[in-house]
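**Student:** Quick paste from Swiss-Prot:
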type: TRANSIT; residues: 1-33; note: transit peptide
type: BINDING; residues: CYS132, CYS137, CYS143, SER378; note: [4Fe-4S] cluster 1 binding site
type: DOMAIN; residues: 148-367; note: domain 'Radical SAM core'
type: BINDING; residues: CYS163, CYS167, CYS170; note: [4Fe-4S] cluster 2 binding site
Amino acid sequence: MAASTSHLRSLCSSTRSLSRSGVIVTPIACRGYATTDPSPSATTPTPVRRRTTFKDKLNAGPSFSDFVSNGNDNAPLDPSEAYALKTALVGPAGRKKEMTRLPSWLKTPIPDSKNYQRLKKDLRGLNLHTVCEEARCPNISDCWGGSDKSSATATIMLMGDTCTRGCRFCSVKTSRAPPPLDPHEPENTAEAISRWGLGYVVLTSVDRDDLVDGGARHFAETVIKIKQKAPSILVECLTGDYAGDLDMVKLVARSGLDVYAHNVETVEALTPQVRDRRANFQQSLRVLDAAKKAQPTLITKTSLMLGLGETDEQLWDALRQLRAVNVDVVTFGQYMRPTKRHMAVHEYVTPDRFELWRQRALEMGFLYCASGPLVRSSYKAGEAFIENVLKKRRAASGGAETIGERPVAVDEASR
């Protein structure tokens, strides 16, 4: 420390002696960077890397798609190979479990189209819900992603997004005390549908056992509002069972809708394991029967899931009972487990078997049957056929409404 101090003093004394001798000492005021850009003349060209034998082999070798297809892109598959289910080990090391992969015929694209974004924006803006989103429907990219307004379809879910029942196959939220009904929902729903310019719309709802009428009047009011804004639109209503209150079923059936749908979901023997304890197969049959008797011109419709462990004889029995109450349309679709909390899939039914049951249903006298792994009760493939049938019926009757077809007010329909 003493040495550095003496050195500093000697520097200062030398500076003072220079100033006394007439020499002006100017401090250096320039700065420079640690590194500077080299001049163009100093820039050396980057040497070109020599092509290697390894790189040549890669360029001449198989592409990524060849690896994915395993080299069998054009090789025909027999049914046993095409429908073979693959497995994979899933989980942390030491605790891996063998899981069955989703079959290729059940895979769908991720929704991302202009129509999809438009429908979603309209629904959120009007505070409306859809069963497409709540039930995690695999067809949402297809139904919402049409190339124009007329081909896009959304199934609007009325009375909120919370159900009072807890079926073991359904992913809709449940609660014993869901939020109260939105009094503006009928008007908002009619506004959304008129904005989309659709020719066919599907309405459904959660079960509301907390309400005296199960929400039937709210449902009927929505149909009436839609018909007031767009008289030519065809309306399908997928309703609950209203706890077996057939007067409420008749109220909705007489509200002016065109298709009355109520799903039995599965065969009678499996109903206690699949559906909520407050629902049963015979009660669902009575709902469909009451709707047809209240409005004979209605098309009645129901849906069953396959892959829950049902037998052929149980399916035959279910179809016979449905035809006995004059159900017009039936659909078959693959049950797909929404979460680990729900029922496990017993079987992935092949497309060939779905086609077999479609033919059997038509032979039994059903007006129409949509059957396939991805078919759902409100899938748009069925709507196109039903729309044509309804238009032909209207044309045959001269387009005039009969007294039985006239939509009535909610209070009048409940009498």
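Quick reminder: no glycine exception, Cβ is built from N, Cα and C everywhere.
Since we're looking at a predicted model, the values are computed, not measured.
Can you walk me through where each of these features ends up in the structure?
**Tutor:** In the three-state DSSP reading, CYS163 ([4Fe-4S] cluster 2 binding site) counts as strand. Spatially close to CYS163 ([4Fe-4S] cluster 2 binding site) yet at least six residues away along the chain are CYS170, VAL172, LYS173, THR174, SER175, PRO178, VAL206, ASP207, ARG208, judged by Cβ distances under 8 angstroms.
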**Student:** Have a look around CYS170 ([4Fe-4S] cluster 2 binding site) and count the other CB atoms within 10 A of its CB, chains all included.
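**Tutor:** If we count other Cβ atoms within 10 Å of CYS170 ([4Fe-4S] cluster 2 binding site), we arrive at 22.
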**Student:** Looking only at the domain 'Radical SAM core' (148-367), what is the model's average confidence as pLDDT?
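**Tutor:** Mean model confidence (pLDDT) across the domain 'Radical SAM core' (148-367) is 93.
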**Student:** If you take the centroid of the Cβ atoms of CYS163, CYS167, CYS170, the listed [4Fe-4S] cluster 2 site, which other residues of that chain have their Cβ within 8 Å of it?
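**Tutor:** Going along the sequence, the neighbours come out as ARG165, GLY166, PHE169, SER171, VAL172, THR174, VAL206, ASP207, ASP276.
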